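Features reported for this protein in TrEMBL:
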DOMAIN    383-411  domain '4Fe-4S ferredoxin-type'
DOMAIN    414-443  domain '4Fe-4S ferredoxin-type'
TRANSMEM  23-42  transmembrane segment
TRANSMEM  48-66  transmembrane segment
TRANSMEM  87-111  transmembrane segment
TRANSMEM  146-166  transmembrane segment
TRANSMEM  175-192  transmembrane segment
TRANSMEM  237-258  transmembrane segment
TRANSMEM  297-317  transmembrane segment
TRANSMEM  337-357  transmembrane segment
Amino acid sequence: MSKNSSFSISNPDKLKLDAVQKIGLIVALLGVSILFVAWFGITFPYPAVFLSISALFIFIGTVVYAKQTYLKQPAGIKNNNVWFNSLSNRGVLGWFLGIVLTLFYVLLYWFPSYLGYDPSGAQNRGLVALFDPLSLFFNGKIASQWFVYGTLYTLLIASLGIKFMYKYRHNRYQLIRTVVVIVSQLFLAYLIPEILEGLNSDTPYFAKDIKNMWPLNYYFFEPWHLDNMINGGTLGMLYLVIGIFMFLVFTPIITYYVGKRWYCSWVCGCGGLAETAGDSFRQLSSKTVSSWKIERWMIHTVMVLIFIVTAVVLYGYFANSGEFLGISIYNYFSKPYGFLIGAMFSGVVGVGFYPVLGSRVWCRFGCPLAGYMGLFQRFKSRFRITTNGGQCISCGNCSTYCEQGIDVRAYAQKGENIVRASCVGCGICSAVCPRGVLKLENGPEEGRINPTDVLLGNDIDLMNYVNKKQ
Ligand code: SF4
Ligand code: SF4
């Protein structure tokens, strides 16, 4: 291609940083570099000081960078550069970040000593030792790798949540939702569980994230957990009763009224990270019909699996036996599920692959709680996204930025309501639509689904339509 050609496949709108953006970026990277130095085995002499500097630098640097970046451009999505940026389009930077994240998760789950964790509890080193003073402050114990993870997770959601709010500042739904996401993570998933752990260190019956519930919190009905709740006094029994009530009664009722968004996009920790830290990767979710088919099979298979595993575990608990049909329940049911789904899928793949497969891989293909709520949302709920098809200019923003891989534009072009089990109600499709076509609504059930559709007929109809377009 000639130098003067009017077309170029190189970056048409190269990202240029001004002085404030550069300062913000450098400050944030300095904060991150303290963590990396610690990860490589350096134990800092004053860990409380270095951890505070690191956390403050990451937070302040990110906020300064985000404010300067987003306030000088129109609110909402700006497509320029997204498909040319190495980080947001599976380039070298994207793959590099994916590999680092995956490696971090592998170490976190199976080799925490490489992060500096001392399993004997005597003396941590490196990265984990950096968090010892904070852990001692909250719960009187030196840090575990999970404390490090929880702290960094919360820091990421808070700092990138603010970035998200600058970006979507024109949309009240996004602003309120993100404040709720940050507050839920900070209090329900981090501060309260840490303080409770300090008060009940011998009977850890509460999940690290107290807003998790079965079947996402897959060990809820494990014998050790049941015993700890039953022996945990009033608080333990309360936790048991609330846990069952949440799943059996509260979740179906609230999902009926507002869809599964109340959990997936407002309070869930996995969803919170996907919405904030994963925002730069939402366009990478596959929109093909084959992904849609795989998604439906996978998420419901995982859901059936956890129902079976839990039934067997409860059978063993009440029969006072560790075996089912002569085989070990732990070795053949609980352990494989915990390894394959709880660790590999939700942790390593779910977050490690953000820069490659998009930010909601776990929520879309694996989360059994999302699968359970999705059934209500699809068949018995008032939630839908309405489309004012006449206004649609087919720009495709909505489909591009739907993290759940829903081809929203196909519905808009047909003027059909979007009633999909997988929709997490993040509202981004509506926030990025330049024509105000899409509206998240909780209306009467009647008329929500096209009356000519029978059960899955709507989806099959849409699949045929999308197939023809591809
Ligand atoms: S359809 Fe819209 S609200 Fe639903 S998941 Fe996709 S972007 Fe979010
Ligand atoms: S619904 Fe809005 S965002 Fe989606 S294709 Fe139509 S105009 Fe574009």
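If you go along the chain as it appears here, the first residue is 1 and each next one adds 1.
Glycine residues also receive a Cβ, built from the backbone N, Cα and C atoms like all the rest.
Remember, TrEMBL labels are computer predictions, not curated facts.
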Model confidence over the domain '4Fe-4S ferredoxin-type' (414-443) (mean pLDDT, whole number): 95
Seg_contact(the transmembrane segment (175-192), the transmembrane segment (146-166)) with at least 3 CB pairs under 8 angstroms, min sep 6: yes
Summary of DSSP states over the domain '4Fe-4S ferredoxin-type' (414-443), given as helix, strand and coil counts: 6 helix, 6 strand, 18 coil
